[in-house]
Amino acid sequence: MVKPTKSNIGVYTNPAHDLWVAEAEPSLEQVQTGEKLAPGEVTVAVKSTGICGSDVHFWHAGCIGPMIVEDDHILGHESAGVVVAVHENVKSLKVGDRVAIEPNIICGECEPCLTGRYNGCDSVLFRSTPPVPGLLRRYVNHPAMWCHKIGDMSYENGSLLEPLSVALAGVQRAEVRLGDPILVCGAGPIGLVTLACVKAAGAEPIIITDIDEGRLAFAKEFCPSVRTHKVDFKHTPEDFAKAITELGGGVEPAIALECTGVESSIAGAIQTVKFGGKVFVIGVGKNEIKIPFMRLSTREVDLQFQYRYANTWPRAIRLLQGGVINLEKLVTHRFKIEDALEAFKTAADPKTGAIKVQIQSFEEGESR
């Protein structure tokens, strides 16, 4: 392992929607001595971090619902790196271990924590969600229990474990079964990872929708057997349902995995699934939306949601390590941490064709 030699810098935003790179904690000296580590913590030299849509949203909008950027704030929560220091009471990890960082810190005492649904922790601290500083920096101290060993997996793949966990949580809770006809709404990063998950789960046929022809073409390249549909805003939910059913060979989807959070897309999914079907919303949308209540009621359609994930990371690691799912094509752009502003501009601009933009920080000669 190459020892840390570079100063710690992080990627910040603020209420004025600025984005910049500046010094961050812990300092290089603190990393080298381990003096800032609390019991149970390790220092991770972060090597690859994916830019999530929520990072761009915090930069541009300054908030997501009640989560508001009120001060200088470090972004990023999709990270992997190498352990460079451990507190003396940590036995599960050692210096040199390659890890992916599950970006939450929980209380371990509330009902959700005690019943295994820690994503609902009353006191959760989630990296990059204000006011908790994120992982987009060279070094970060984090509880060892939330640093998952990834063996010889690349850091790029390690940082894809976070969006994979989001999709995996949705597919598990939606109870996708072998041979289920599935509709995936949205061909952004989460939609594409969800597509990979339902394909691995044996769903057939699979249809994916989007408003962007470029993203649909990427989805077809990523998963050749998928059927694609370009959304037309002029169409009613009924028109959408008819088109999807025809594309599926007359078979209505059993489950729609909605990855956009857009009101019209959710309404279209509700209109489309079969009697007794399910619409599972993975995407994040507005505080309030209108839904076709009577369609849900008279067709016995279940409408479900998720909030982040719980207990998915070990499973996600096995899926990537075993080659059951391959997400490498999703990383379309890579930038050094010093070039974070350009990275964020690329991630935010639909014209770039970016799917997953990663920010990376490597020492000279270091394994990736």
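The backbone N, Cα and C atoms fix where each Cβ goes, and this holds for glycine too.
Positions annotated as Zn(2+) 1 binding site by Swiss-Prot, on the basis of similarity to another entry: Cys52, His77, Glu78, Glu162. As annotated by Swiss-Prot, Zn(2+) 2 binding site applies to Cys107, Cys110, Cys113, Cys121. The feature NAD(+) binding site is assigned by Swiss-Prot to Asp210, Arg215, Ile282, with similarity to another entry given as support.
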Chain-mates of Cys52, His77, Glu78, Glu162 with C-beta within 8 Å of site centroid, Zn(2+) 1:
Thr49, Gly50, Ser54, Asp55, Gly76, Ser79, Pro103, Ser128, Leu135, Ser159, Pro163
Nearest to Glu162 (Zn(2+) 1 binding site) in three-dimensional space, by Cα, is which of the binding-site residues Cys107, Cys110, Cys121, Arg215?
Cys121
Can you name every residue in this chain, apart from Cys107, Cys110, Cys113, Cys121, with its Cβ inside 8 Å of the center of the Cβ atoms of the recorded Zn(2+) 2 site?
Ile106, Gly108, Glu109, Glu111, Pro112, Leu114, Tyr118, Gly120, Asp122, Ser123, Val124
When a 10 Å sphere is centred on the Cβ of Cys52 (Zn(2+) 1 binding site), how many other Cβ atoms does it contain?
23
Since the record lists Cys110, Cys113, Ile282 as binding-site residues, which of them has the fewest other Cβ atoms within 10 Å of its Cβ?
Cys110
Quick one, of the binding-site residues Cys107, Cys121, which Cβ has the fewest other Cβ within 10 Å?
Cys107
What is the separation, in Å, between the Cα atoms of Ile282 (NAD(+) binding site) and Cys121 (Zn(2+) 2 binding site)?
19
Hey, how far is Cys107 (Zn(2+) 2 binding site) from His77 (Zn(2+) 1 binding site), Cα to Cα, in Å?
19
Consider the binding-site residues Cys52, Glu78, Asp210, Arg215 and say which one has the Cα lying nearest the Cα of Cys113 (Zn(2+) 2 binding site).
Glu78
Number of Cβ atoms other than its own within 10 Å, given for Arg215 (NAD(+) binding site):
24
Whole-number answer please: how many Å between the C-alpha atoms of Arg215 (NAD(+) binding site) and Cys52 (Zn(2+) 1 binding site)?
17
Distance between Asp210 (NAD(+) binding site) and Cys121 (Zn(2+) 2 binding site) at the Cα atoms, whole Å?
33
What Cα-Cα separation, expressed in whole Å, is found between His77 (Zn(2+) 1 binding site) and Cys121 (Zn(2+) 2 binding site)?
18
Among the binding-site residues Glu78, Glu162, Asp210, which residue has the largest number of other Cβ atoms within 10 Å of its own Cβ?
Glu78
Glu78 (Zn(2+) 1 binding site) and Cys110 (Zn(2+) 2 binding site), Cα-Cα, nearest whole angstrom:
26
